[in-house]
Amino acid sequence: MTEALLQVKNLKKYFPIKKGILQQTVGHVKAVDNVSFTVNKGETIGIVGESGCGKSTTGKTILRLLEPTDGEIIYKNENLASLSASKLKEYRKEMQIVFQDPFSSLNPRYRIGRILERPMEIHNLYTKKERKQKVAEILQKCGMDPSAVNKFPHEFSGGQRQRIGIARALTLNPNLLILDEPVSALDVSIQSQIINLLEDLQDEMDLTYLFISHDLSVVRHISDRILVMYLGQMFEMSETMALFKEPLHPYTRALLSAIPVHNPTEKRERIVLKGDLPSPSNPPGGCVFHTRCPSAMDICKQVKPDWKQAKDGHFVACHLY
Amino acid sequence: MDTSQIQTTNVSTVNNRTGLKSRNKVFKVLRTYPMILVGGLMVFTLLLIAIFAPLIATHNPITQYPTGISDIGAPKGPNSEFIFGADSIGRDVFSRVIYGTRVSLEVGIFASLISLFIGVTLGVVSGYFGKWVDMVIMRITDTMLAFPFLLFVIALVAVLKPSITNVFIAIGVLGWAMMTRIVRGEVLKVKELEYVQSAKALGASNFVIIFKEILPNVVAPVIVMGTLLVGQNIMLEAALSFLGIGIQPPTASWGNMLQDGMNTYQIAPWLIYLPGFALLWATLGFNLLGDGLRDWLDPTVGN
């Protein structure tokens, strides 16, 4: 099979809840709880889930923008989770992140040229002249005019800023790009442009994507495999086609049924979940989804379902299977 | 070779253009925020007076002129020789106020710079590193704010022996608490922004992140606070000198001039008019300038 680029094993990120004058820890928000998956070279993995399910936290923890509480992040036989800051710097070149909000992802005080040269400055790569050249190249690759270097971020539209954000992430020639809701803040027409750009860049630069989004139609379009998360836990993971054709987990089914249909005469069963997302600081026992699950059984309240392979390459955590 | 030349010409034209643009922008800002203009002019006149004090002053500020005292030993009021009168030992009030401007600005500005330096450093460290560092620095800041400030300064000046330098050191070293809080708040806000996260993901060190990503974005409130602080510190210096522990006679300071005139102002009111007016002018100027800058740089903060 294809070569694994990144392996995430039992990743956990707990945020302590502190209370009182002495700031004692009274509990934890389990933002990411026991997440494991493998990313193969060249593929795109989509992570979906509603807001607060820990998909962004997973992305940031993999890059160690947040310190993982537990678990392993294996990249090139090295466990990134336990690397020292100085050693980690070397690997930072190889994995980059693109953020959701193009308006806060560029420092308003600098011209685009400076912003794009900064990554190379940090890693002491190339001479000044080469850097300028690189910046022009990368801007062109991202569909921007190289004259953009003399402008400030506020002179650009959201879509252009997002292109610049992608350009910055690509200046160091990374292997893995974590895309943290890269199109959620953009207009639909711009979304498709950015998605096309990402696809082109993936072919051209041999990139591997971890695409975090709550927009299923976007994820469906770009992903090879999809991971569904809920309250920090993995619910289902499968090839995109298989997942959309036959979602196994009741939560995934509900999610998929919420995608608007293009044809108004087409009738479709709409599964509406009752209640709100439970508090991640006090998740329900057993299966965390049992409070809202349309097909909950007695066992769901008692026992947490195992992560098992229901079909070939189709994993699910549910007692139904 | 050729390309580099082309590049430099490009850059210079761009700079010219931005130069023009920025000049227009300055006018626009001044028109929209007249407080900056008024406050700025007031401060500017003070600066001119301080710089050209020897040219403006009509007399030596510390010489006691026999002609300034009447036959019965009372100070003479405004006359052709002493346009704002003379004080009880015959010194020219006008010239003393002019030279007092130097003292006031010196103390006001240097004290503020010291406060600014300490405040920004502690604020950035506190906000950026958080956790126990933040805890310790903020508790120290709270403690500083809990002390009656004037009393604290008096104590320190008393230990240091009063002199211009010691006065601004004392005011500066003790006056950083508000600055620390403001900067910390700004840093907390900025450090969660995605461009800072992105710098982190690129492998930038804390040093680089603080100086290149965060500091440029907390400059605005620091400028505003710094300007307001100068006005405050001028008042504080006057208060200290008034109480007799600030600038020592015969050096002229608005505060000790007011103190001089206090006992006799009923018969010789000119002794307090001009220093009082100068003090009002200076604090009003810096406050207007600071408020104007705040309205411009940070429109989200109301008064």
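Note: Cβ is positioned from N, Cα and C throughout, glycine not excepted.
The feature transmembrane segment is assigned by TrEMBL to B:33-57 (among others).
According to TrEMBL, the domain 'ABC transmembrane type-1' annotation covers B:101-290.
Summarising the annotation, TrEMBL assigns transmembrane segment to B:109-129 (among others). Beyond the transmembrane segment (B:109-129), the same-chain residues lying 6 or more positions past its ends with a Cβ under 8 Å from any Cβ of the stretch are 137-138, 141, 167-169, 171-173, 175-188, 191, 206, 209-210, 214-215, 218, 222, 225-226, 229-230, 233, 236-237.
Among the features that TrEMBL reports, transmembrane segment is placed at B:136-158 (among others).
Here the transmembrane segment (B:164-183) has Cβ contacts under 8 Å with residues 103, 106-107, 110-116, 118-120, 122-124, 126-127, 137-138, 141, 144-145, 149, 152-153, 156-157, 218, 221-222, 225-226, 229, 232-233, 236-237, 240, 246-247, 251 of the same chain, all six or more residues outside its ends. Under the heading transmembrane segment, TrEMBL lists B:164-183 (among others).
The transmembrane segment feature in TrEMBL is assigned to B:218-247 (among others).
Annotation comment: TrEMBL describes B:267-289 (among others) as transmembrane segment.
Among the listed stretches B:136-158, B:218-247, B:267-289, the one sharing the most Cβ pairs under 8 Å with the transmembrane segment (B:33-57) is B:267-289. Long-range Cβ contacts of the transmembrane segment (B:267-289) within its own chain (Cβ-Cβ under 8 Å, at least 6 residues beyond either end) map to 35-36, 38-43, 46, 74-75, 77-78, 84-85, 87-88, 93-94, 96-97, 100-101, 104-105, 108, 227-228, 230-232, 234-235, 238, 254-255, 257-258, 260-261. Long-range contacts of the transmembrane segment (B:136-158) within the same chain: residues 122, 125-126, 166-167, 170-171, 173-178, 180-181, 184, 236, 239-240, 243, 245-246, each at least 6 residues beyond the stretch ends and with a Cβ under 8 Å from a Cβ of the stretch.
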